[in-house]
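K.L.:
Here it is: the structure, laid out below.
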Amino acid sequence: MNTIRLARSLPRSVQLLLVNTLGIALGFYLLVPYLATYLRDELHVATAVVGAVLGLRVFCQQGLTLIGGTAADRLGPRPVIIAGCALRTVAFGMFAFFDDVAGLIVASMLVGFAGALFSPAARSYIAVEAGERRLDAFALSNVASTVGALAGPLIGSVLVAVDFRWTAGVSAAVFAVLTIWQLFALPARPAEASAGSTLGTWREALRDRAFVVFAAATSVLFLSTTSSTCCCRWRRRG
């Protein structure tokens with residue numbers, strides 16, 4: 001109850017993004033934990049192709065976050081958040097209708113790129129709107145993401161027992177609802193005044209030694225957790 005009370009004390013726009021965070025995690029984890037099994041056992045896709053489908057999603061989401069963050073700075077976070085959710089609606093919908101390798105790869109890449117759009121944009125929006133209470137806001141955002149990550153596979157296990165396409169359709173529907181809701185309810189925020197070119201901004205970030213060291217360290221951590229998760233999944237299936 002204290003968590004709910006704390007969330008209600010935050011600005012309305014931050015509350016909306018907390019629900020958005022929960023919905024994003026829910027819609028994502030409805031499908032993704034079961035994707036490898038679906039590809040290999042139902043579509044009989046080669047293991048190497050399954051790895052490519054999963055790996056390209058991770059690469060696009062983590063590798064293209066810089067583009068999403070830059071877009072949020074240049075255009076304002078609201079349109080980037082909405083575009084990311086809309087793109088995931090399309091991407092998860094593709095999993096319901098495509099069963100060829102090319103379509104699955106495109107869908108997986110779109111899922112990743114969509115995450116690269118809305119994740120930095122949402123964090124930027126929360127950081128500004130929460131003001132001095134950004135610590136509380138980000139803590140609650142992590143709670144919301146964890147709740148969605150726990151609930152998603154549970155609901156997905158029921159849907160995938162019926163048909164994987166139902167799982168994909170429900171995931172797409174979750175993101176469609178988020179897209180429409182934010183389109184009408186999320187207040188606009190002006191874009192930051194540009195202090196130079198995009199490439200100049202990137203070069204400035206790369207010259208920040210402390211930032212580069214921190215980014216490299218967290219990249220190693222992410223690599224280790226992602227690779228171990230994938231290995232455990234395949235070990236269990238093997």
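Note that Cβ sites are derived from N, Cα and C of the backbone, with glycine treated the same way.
Just lifted these from TrEMBL, have a look:
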DOMAIN    13-238  domain 'Major facilitator superfamily (MFS) profile'
TRANSMEM  16-37  transmembrane segment
TRANSMEM  43-60  transmembrane segment
TRANSMEM  80-98  transmembrane segment
TRANSMEM  104-126  transmembrane segment
TRANSMEM  138-162  transmembrane segment
TRANSMEM  168-188  transmembrane segment
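On this model, are these features tucked inside or out on the surface, and what's nearby?
P.N.:
Residues 7, 10, 50, 53-54, 57, 81, 85, 88, 92, 95, 111, 115, 118, 122, 125-126, 137, 140-141, 144-149, 151-153, 155-157, 159-160, 164, 167-168, 170-172, 174-175, 177-178, 181-182, 185-186, 233-234, 237 of the same chain sit 6 or more residues outside the transmembrane segment (16-37) yet have a Cβ under 8 Å from a Cβ within it.
Here the transmembrane segment (138-162) has long-range neighbours at 3, 6-7, 10, 17-19, 21-31, 33-34, 38, 123, 126-127, 130, 170, meaning same-chain residues at least 6 beyond its ends whose C-beta is under 8 angstroms from one of its own.
Listed by sequence, the residues of this chain that lie at least six past the ends of the transmembrane segment (168-188) yet keep a Cβ under 8 A from its Cβ atoms are 13, 16-17, 20, 23-24, 26-28, 30-31, 76, 78, 81-82, 85-86, 88-90, 92-93, 95-96, 155, 159.
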